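Below is one structure, written out as structure tokens; comments come after it.
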Amino acid sequence: MAEKAPPGLNRKTSRSTLSLPPEPVDIIRSKTCSRRVKINVGGLNHEVLWRTLDRLPRTRLGKLRDCNTHESLLEVCDDYNLNENEYFFDRHPGAFTSILNFYRTGKLHMMEEMCALSFGQELDYWGIDEIYLESCCQARYHQKKEQMNEELRREAETMREREGEEFDNTCCPEKRKKLWDLLEKPNSSVAAKILAIVSILFIVLSTIALSLNTLPELQENDEFGQPSDNRKLAHVEAVCIAWFTMEYLLRFLSSPNKWKFFKGPLNVIDLLAILPYYVTIFLTESNKSVLQFQNVRRVVQIFRIMRILRILKLARHSTGLQSLGFTLRRSYNELGLLILFLAMGIMIFSSLVFFAEKDEDATKFTSIPASFWWATITMTTVGYGDIYPKTLLGKIVGGLCCIAGVLVIALPIPIIVNNFSEFYKEQKRQEKAIKRREALERAKRNGSIVSMNLKDAFARSMELIDVAVEKAGESANTKDSVDDNHLSPSRWKWARKALSETSSNKSYENKYQEVSQNDSHEHLNNTSSSSPQHLSAQKLEMLYNEITKTQPHSHPNPDCQEQPERPCVYEEEIEMEEVICPQEQLAVAQTEVIVDMKSTSSIDSFTSCATDFTETERSPLPPPSASHLQMKFPTDLPGTDEHQRARAPPFLTLSRDKGPAAREAAVDYAPIDITVNLDAGASHGPLQPDSASDSPKSSLKGSNPLKSRSLKVNFQENRASAPQTPPSTARPLPVTTADFPLTTPQHMSTILLEEALPQGQPPLLEADDSAHCQGPSKGFSPRFPKQKLFPFSSRERRSFTEIDTGEDEDFLDLQRSRPDKQADPSPNCLADKPGDARDSLREEGCVGSSSPQNTDHNCRQDIYQAVGEVKKDSSQEGYKMENHLFAPEIHSNPGDTGHCPTRETSM
């Protein structure tokens, strides 16, 4: 999963809400921050490792990782979001599942419900060759693809024929086009349908008249005594022929290609339907003599018979008749095979039956050609019975002829039937396809449907979209809308979120690895994603300038306008130096290594420094034990100029190198500010930087019922600054404030020792050195002789610290009354019962008790000692300390002994 967006930047912000494309360094950083990448194909999200995509580097997804510029990314994908590490492809999501599995498993399969042609197009888009298909899917894929290609070829031929009907090179193209559609395309309009129905009625009427003219009752004898057509029926036939002639001439005149019109099979049928009538009239009127009429009479009869071909004109209006004609034309191989089988059978069986029946009296099988008729009707299983064999041998031959005829005819007939069925379906499909294409063309001409590339459409309408969104954003300035116009950076929303809520230990190590190596700040990527258009930065800037001219009140540049609701940008810096303090001042004492770091600290404790430390307040909740030390800075310090504000520390990951470098920490209290100085030159022992905790709450668990106030320090997070990250152990710790008017070390002691008692109850703590423990830590129980130890209570993560300056005098009195007890260095852990905690606090100054049952907890010890003693033991290399602030512990009298496990507060 991609790394989460920094808290300073809204995670829901897309690239389309920003003005300029991202820099190459931002694109490279977003790819290197995570081992995984999100791929959104048609709205369906997929998550895959980068190394999985690297298996096919020459494919589209394989090239995705090498694209480091905005233009190269848009050549590979349609859109992207660097904050989410997500890349969008506007393609078929179902086909991509098979393609992504090919990257993972190396096996390419095609889903059963997937169209072969569509799957082939998807393979071409993603850059994968179809030869990688598995054998189980390859045959099905190629079969479907060939079938689809054949259908597309036929449709293309039909469309070429339709597109070949050009009327531009002729006179009156529009009128001729309308007339052609009226006569040739019955479905083009209502008038064309009516005209087709009238034409069919004339065909039927002429056929009926032709049939009735052969009836003797309706015939009339001419002057030569020969029967002739009825006059009334002749008039009906003349009207029909006139209609057919007019239709044929109009079709010929309106046709775009005259030669092609003559070669058309349907047009040939129309010509044969009307030509015999005119030939008969010409022959009859030109030859009036009896002798000449007798010579041409037979020719006239032939042309009269040809008039029956008018019935074939119905094929123009019937898809079934057209399919029959095309089937016979396409099945000429099967028809030829059928005729060949029949001819061979007829020849064989007619010869056999002739030799079997020639010796019989009054036989009808007088010759082999005379036997052809019997063999034909026998093989076709008709059997008229006008001729049949009489002998036994002839009957056997007749039986074999019947069986052979059934087998011979049954072989090619199904092929012909199948061809007819397929062609009929194909004709229906082509008719629907032609209608659909014509409807789309008409809609395109009318402007209803615009056929263009989606990217080009977005690119052309980008200006309109920007202006519309800008106007909509002006009316909604008071609302916290995330989907704001990317040309209005003054209204960008920066969501403030604690880092501990959006990150984990592992994510910190991965996310800021590159930043720690480059030793630079994390650069917020303000150029996420935009719409999938190929707009360059220059075009966007030009559009930006135009909008700023038209809208002078809107300042896209946040530096050019005042924003009273946003505090000024400032940065904090921590000055790390050694502070020379008197012997009574506190310093960090030496401590040994903490073995089980996973249960004692958490990286998320660093991230809790996210709020302001402007004034002290009393927490309404009782502070639990083992909390964290947190600091806070005001947003605007009085009297502090912007040039005096230091820069925040860079974002660094926790170093995993365990080096011997330790840090000496001292707390310097001044009337104006407080500076926590960490000197990396001191060597208290090797550090333990690898203190990442699996669970942030694992280091917060404890059984000590101690109730005191903890110090909280919060870094003021600037809204426009980069998100804060846990500082590295190799960097100084920033602590700077100006709102802490403490002057003495005893004042700090008051802060550390003050209990969270009910209101009205005086503090019970004395200035005794007491021990506070939660049980012996697993693995070690160090002792620190000659140490001044003071209690420092902890609280749960992100809890606020109470600093009540009104009780300073009580603590100073306690300090003066028991000066001898403060010098006691021996640590001691009292094992009193929880019920006797208050008595022990009053009598011995202990601030907490622990039970022996809590020995499995990994306790922590936060110890302060005098600066002089720390300097004295700075040469010791056997001790190790954690790179965090340590709270002091109050120990009991010198006579008491015990083990005080370390208690650590990480920041």
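Glycine is treated like the rest: Cβ placed from N, Cα and C.
Annotation comment: Swiss-Prot describes 525-534 (among others) as compositional bias 'Polar residues'.
Marked as compositional bias 'Polar residues' by Swiss-Prot: 690-723 (among others).
Marked as compositional bias 'Basic and acidic residues' by Swiss-Prot: 813-823 (among others).
Per Swiss-Prot, compositional bias 'Basic and acidic residues' is recorded for 833-845 (among others).
Here Swiss-Prot flags ASN287 as N-linked glycosylation site.
Among the features that Swiss-Prot reports, phosphoserine is placed at SER448 (among others).
The phosphoserine annotation in Swiss-Prot covers SER608 (among others), and the record cites similarity to another entry as its basis.
Taken from Swiss-Prot, the feature transmembrane segment applies to 191-212 (among others), supported by similarity to another entry.
According to Swiss-Prot, the feature transmembrane segment maps to 233-254 (among others), an assignment based on similarity to another entry. Through the fold, the transmembrane segment (233-254) approaches residues 176, 179-180, 183-184, 199, 202-203, 205-206, 209-210, 212-213, 218, 261, 267, 270-271, 273-274, 277-278, 310, 313 of its own chain, all at least 6 residues removed from its boundaries and within a Cβ separation under 8 Å.
If you look up Swiss-Prot, you'll see 266-284 (among others) marked as transmembrane segment. Residues of the same chain lying 6 or more positions beyond the ends of the transmembrane segment (266-284) and with a Cβ under 8 Å from any Cβ of it are 237, 241, 244-245, 247-248, 251, 293, 296, 299-300, 302-307, 309-310, 312-313, 315-316.
Summarising the annotation, Swiss-Prot assigns transmembrane segment to 297-317 (among others).
The annotation transmembrane segment is assigned in Swiss-Prot to 333-354 (among others).
Proximity of distant same-chain residues to the transmembrane segment (396-424), defined by a Cβ-Cβ separation under 8 Å and at least 6 residues beyond the stretch ends, is recorded for 319-320, 323-324, 326-327, 330-331, 334-335, 337-338, 341-342, 345, 349, 352-353, 356, 375, 378-381, 388-389. Residues or ranges marked as transmembrane segment in Swiss-Prot: 396-424 (among others).
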What same-chain residues lie close to the transmembrane segment (297-317): Cβ under 8 Å, and 6 or more beyond its ends?
186, 196, 199-200, 203, 206-207, 210, 226, 240, 244, 266, 269-270, 272-273, 275-277, 279-280, 283-284, 325
